[in-house]
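Here is what TrEMBL records for this protein:
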type	residues	note
DOMAIN	A:10-194	domain 'Survival protein SurE-like phosphatase/nucleotidase'
BINDING	A:Asp15, A:Asp16, A:Ser46, A:Asn103	divalent metal cation binding site
Number of protein chains: 2
Amino acid sequence: MTKHDKRPNILVVNDDGITAPGIKHLIEVAQELGRVVVVAPDGPQSGMGHAITIGKPLRFDPVDLYEGVEMYKCSGTPVDCVKLAVNKIFKGKKPDLCVSGINHGLNSSINVIYSGTMSAAVEGAIESIPSVGFSLDDFTQQADFSHCKTFVRKVCEQVLEHGLPERTLLNVNFPKGPGIKGLKICRQANAKWAEEFDERKDPYERPYYWLTGVFQNFDKGEDTDVWALDHGYASVVPVQFDLTAHHAIPILNSWNLSL
Amino acid sequence: MTKHDKRPNILVVNDDGITAPGIKHLIEVAQELGRVVVVAPDGPQSGMGHAITIGKPLRFDPVDLYEGVEMYKCSGTPVDCVKLAVNKIFKGKKPDLCVSGINHGLNSSINVIYSGTMSAAVEGAIESIPSVGFSLDDFTQQADFSHCKTFVRKVCEQVLEHGLPERTLLNVNFPKGPGIKGLKICRQANAKWAEEFDERKDPYERPYYWLTGVFQNFDKGEDTDVWALDHGYASVVPVQFDLTAHHAIPILNSWNLSL
């Protein structure tokens, strides 16, 4: 860290791993805006949610992948990456922005809770760093991120200019390209996965199970992220990490909870 | 599942693993109230948050630990356990109650987001099952859960009687015993972990890192879970899994997000 560098310091993380194409595109945008430090998992960590590594130690090493970019790979989860970056790289001088992604696959609606990409951004926000997670509706390694980059830049510029409301971060999802109609502020749609498990037998005739499922959207609202994405917009959902259901407190206070 | 059994069906899960003392106590309370099915990780899964297993298959097998209790161990995360239970055991006929824990260690305040115990309960709630996570302020294997059990039962009885507000679950934390002053409805305290990493060298002189940290409570409110626990009460926080920061939507709509 150069002490008197006036460009913003930007932490870049992801969950698809440090070699994923998505993070390369995010690094390129971040480099246009400031000094970039990348801390990312050394392999895929999709679906890790807000997991942290507590039962075993972590490896954390510098790598040299893209010219002029300070990069580290970590053996842990996306959240571990943010914790290590804050503690070992930035050492108390918080970065000005934390961006996560660009994820290969959507993190709209309920997926925010399963997503390592979004959990890394949530961890950034817990650390009081303005944070944004970015995801694209394409799971493949060949995903085309080119139509997202001007929108990623616009969102980052606005966050750097305005900051974010306290204890809030952003969840930005992009439809497949080439065109995007614009950025739309949304709420998270009420949806869930209907799980199915694909049961197979191993060579010793013992069963094992692959998680699969079908996404079910129960939400007809036109103010949701799912609606926006279905209609060609990129969705921007403000996300909070205080999970208190404040509206339920008076209801519970009416219960008889004395022994 | 007996089809015409009128006692409630209760799914018991945890994150400390199927052999943890905490789940044994929870099973004992659940057996007083209904028909019990246990699906728990085959080993410790603390700190797994809302992680799901998508990159590898799962093992899922019946075990016979406690007399008269239908039990299964799973190689995956606490959330995987709930998904497998709903899909493979209950097969669409949802249980009447999902209880998770009793966790060895508190899950108050920000810990709800890192906790496998709470994430299992969150997954129950996503599946529209009335769900409660229970945790005790004692990390040890020797933890004494005896003072918690009448309170666990009381909470479960009230949830079975009233149900829970839509898309809401409960996070119940107990102070160390012997005495508990009562159950207190609370909000989640605004607190976080100040991480430190204990850096060591392996036998080959390569560095590795253990996550450690200090809990920092920034919240002076007397309506928080941390306050209640500090004052000898068990805390009951209603938890939601819609992470939209609704209050931030008008703020974001005032930004210039057009290209």
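Cβ atoms here come from the backbone N, Cα and C positions, even for glycine.
Caution: TrEMBL annotation is automatic and unverified by curators.
Across the domain 'Survival protein SurE-like phosphatase/nucleotidase' (A:10-194), the model assigns an average pLDDT of 96. Using a cut-off of under 8 A between C-beta atoms, none of the binding-site residues A:Asp15, A:Asp16, A:Asn103 neighbours chain B.
The candidate set comprises the binding-site residues A:Ser46, A:Asn103. Of these, A:Asn103 has the most other Cβ atoms within 10 Å.
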